[in-house]
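Features as listed in Swiss-Prot:
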DOMAIN    17-70  domain 'LIM zinc-binding 1'
DOMAIN    79-133  domain 'LIM zinc-binding 2'
DNA_BIND  181-240  DNA-binding region
REGION    262-291  region 'LIM-binding domain (LID)'
REGION    312-349  region 'Disordered'
COMPBIAS  321-343  compositional bias 'Polar residues'
Amino acid sequence: MGDMGDPPKKKRLISLCVGCGNQIHDQYILRVSPDLEWHAACLKCAECNQYLDESCTCFVRDGKTYCKRDYIRLYGIKCAKCSIGFSKNDFVMRARSKVYHIECFRCVACSRQLIPGDEFALREDGLFCRADHDVVERASLGAGDPLSPLHPARPLQMAAEPISARQPALRPHVHKQPEKTTRVRTVLNEKQLHTLRTCYAANPRPDALMKEQLVEMTGLSPRVIRVWFQNKRCKDKKRSIMMKQLQQQQPNDKTNIQGMTGTPMVAASPERHDGGLQANPVEVQSYQPPWKVLSDFALQSDIDQPAFQQLVNFSEGGPGSNSTGSEVASMSSQLPDTPNSMVASPIEA
């Protein structure tokens, strides 16, 4: 009965090593996401037998562990031409599900490097530029080997801009009906877009002559140019309709944020701040105390000034006065320079 009051003991979890299948009694357990546990001596690369710990990256595939180098070598994406892998800083060219280095993206017939905007065809034996693709197609038709209706002529594609090797590839669209060809999406480069936008700004509806000039300037097909102008006009029309709707809703549009209602405002241009004070301006003048004027007057060295001469004459001509100008000068030199030197003396009764 006494044992019933004891707290229940927690069940100890048992860790089993995925590598050897034995129980792990070590102090440290290496756990690989999500729930795989290993002995420190059992977690190693299946190819090079390098020990894997928390300081390196571990990859698991089909129950086997690999280091980063061997995993990329075995299962990483490789160039369809040279069969060499890509680094994280490489830019690649994609053609359907195949990936190429920029230097390897060449025609197999003439070895000309395909740049963004060039049309090419992807066949079983590699990439072909448009000229060599037409030669191969004419040769196959001239040899009396007509194409099967289930395998129509391969459509030409247009090379897009190079992208980073780390960017995931887009899944190609799969048609259920085999007799339909896949529509190729045309990707324009910056020079082609600049030419089309400049022409559109001058005339949104170019005539046939202008379209022919655009074909020569951009190297695009007439169909691509026609579709681009149609899409551009449609986008601008939708944008103008949306702007009109926003302008109509703006007078009645109010924003309510956490119970506070406000009217949207548009920031204007900055302007100079006038202050807007109601008080009148006050003119501030410098104030000079009287003792400073007297002290400056006494320290003047030029005795020929009229004010000083007048003071001397007054002292000489005054009744009962025997003082001279030198005495006046000596008395004036005894005047204090600053008010701090003035000390009040008691008055004798």
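Glycine is no exception: its Cβ is also placed from the backbone N, Cα and C atoms.
Averaged across the domain 'LIM zinc-binding 2' (79-133), the predicted model reaches a pLDDT of 86.
Across the domain 'LIM zinc-binding 1' (17-70), DSSP helix (H, G, I), strand (E, B) and coil residues number 3 helix, 17 strand, 34 coil.
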